[in-house]
Structures are given as C-alpha cells and as structure tokens.
Amino acid sequence: SRTCTSFPEARCPVPRVQNGRIVSPRTYYTHKDTITFECEPGYVLRGHRVARCQLNNTWEPPVPACEQGKCLIHALNVNLA
C-alpha cells in the first residue's frame with residue numbers, strides 16, 4: 001500500500017507597505033494567492049503592483065515600496081496673465 005505525505009500549506013505573511021496599502025486585504029494568504037498594492041496620494045509605487053504567494057512562504061515578485069512622489073513644479077508653471 002502507498003502512503004501519501006501531506007505538506008503543510010504555504011502561508012505567506014500579510015505584507016505591510018509604508019505609505020501604501022493592499023487592495024482588498026485578507027487575514028491570511030496561501031500558495032498562489034495574489035495581492036495588489038497601491039500607494040497613498042502623493043506616493044509612487046516602486047516595484048511590482050501585484051505579487052503571488054509562493055510555496056516557501058514568500059511573495060514573488062518582492063513586496064514593493066511607496067516613495068514620496070517628486071513633483072516637477074517648473075513643469076506646471078502656467079502663465080495666467
């Protein structure tokens with residue numbers, strides 16, 4: 001007879017993104033679950049917007065960062081005269 005060994009289900013940690021958030025967050029994530037990130041107003045996403053939970057309990061691609069946006073004020077210089 002044959003015995004099957006079961007592997008523990010992958011559980012990825014809920015990532016925290018400073019100055020950003022997860023769209024439709026959940027309490028836990030398992031293998032192949034995907035998450036979508038977005039940044040707070042005034043911040044720019046650096047990295048990938050979507051990540052997938054891997055069998056080794058990590059996110060691939062890695063969790064992105066939200067960096068303060070660089071405003072080009074001189075580009076918005078409009079002559080109102």
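Cβ from N, Cα, C; glycine included.
The domain 'Sushi' annotation in TrEMBL covers 10-68.
Residues annotated as disulfide bond in TrEMBL: C39-C66. Reduced to three states, the DSSP call for C39 (disulfide bond) is strand. Long-range Cβ neighbours of C39 (disulfide bond) (same chain, at least 6 residues apart, Cβ-Cβ under 8 Å): V17, N19, G20, L45, C66.
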